[in-house]
Amino acid sequence: MSELDEIELEAEDFHSSLPLKKVPYGDVFEAARAGDVDRLRYLLDSGLNVNARDQWDSVALYYACLAGHLDAARMLLESGAICSEHTFDGDRCHYAALNLKVRKLLKAFEARPPPLQPLQASLRDTFLACKANQAYLQDQFNTDNHIIPLLPGNSSYGESSSSYCPPDIVFYVQGRPVEAHRLILSARSPFFKKKFETDWKEKKEVRLSREKLTYSSLFSLVHFFYSDRLEVAVDDMEDLVRICRVCKCHSLQSLLEKELVHQRHAEYKALKDIDNSQKKVYLQGLSLPEEDRLPAALNRVLQISLANSSRGQSLENSIDDIISLVGTIQMSDSEDDLADVCVRVEKKIFRCHQVVLASRSEYFKARLSE
């Protein structure tokens, strides 16, 4: 909208047009409605789910926008509040915005990705660097510019960036590939862990039945495994619930089932004439119990790898400090940790995973790409 483009946000704009008040014991919704940025900052720093809804089906950002508290709205947006106009919560925030300055702020944040923690951001970059995954996103971008937050935005993506930790498993659904890494899928899903230990142990490609799932749903779930952020079209939610049931992702399944019921009765304000294929649902990892989030999942793998490392100290002294052939250490009596590289520090051998090392460290990225 041209009139929005003409609005410039200055420092003095970040003051409420309504009187502020302090709510020292208020929840995040009361703090947002009152514009109490000190209380809001305290609550956000405690790690709460910024996109949680209250009993009136409203998120904290909705109240900040309704009252015209630009500073409170910006704080919520910087903490990951969803403001996409093609979501139920974003639609309500845009519709309720007190003035054009608030809408300008929402538009500015809608055009860029919500922040991710370093671990999630680095693994997400690795997933999106895979050629097939990037091709799908580019195809989606060509037809729907509302997926901008998922698109890679710099030249580090592409063939060179994926060569240091190429995918070790490819799923084909409806003739289209989703490239992934066994470690991430095993860490996030008991179903995938069991399959990689049995039926798919030696497989590099797996073709899944077209009747049981759609490509877009599987892509959304695998992307969530890497990033702890889910973006799914409302049309795909039922299919994604079925996939979560099969993959034994019970907490995510429960969350999606509740959201699906909500979407069936949700009353959109500005998007009344938009069909469900264009409406989106965003879910953050903070919506899940802590044990079901990405850091906890990888920490469980770490503990298994450390236990296995302590059992396998039988390598020759002349071996290099990075060993690609992890199979040289026999782990017959221990739980499979899916390690694909070993690192020696002095006389200690650590069983590691290339996808994590390369994603999190420029040094290991360079060493593993040699």
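Note that Cβ sites are derived from N, Cα and C of the backbone, with glycine treated the same way.
Summarising the annotation, TrEMBL assigns domain 'BTB' to 167-234 (among others). Counted with DSSP, the domain 'BTB' (167-234) comes out as 29 helix, 18 strand, 21 coil.
According to TrEMBL, the feature domain 'BTB' maps to 339-370 (among others). With DSSP states grouped into helix (H, G, I), strand (E, B) and coil, the domain 'BTB' (339-370) comes out at 14 helix, 10 strand, 8 coil.
Looking just at the repeat 'ANK' (31-55), the mean pLDDT is 90. The repeat 'ANK' feature in TrEMBL is assigned to 31-55.
Per DSSP, the secondary structure of the repeat 'ANK' (31-55) breaks down as 13 helix, 0 strand, 12 coil.
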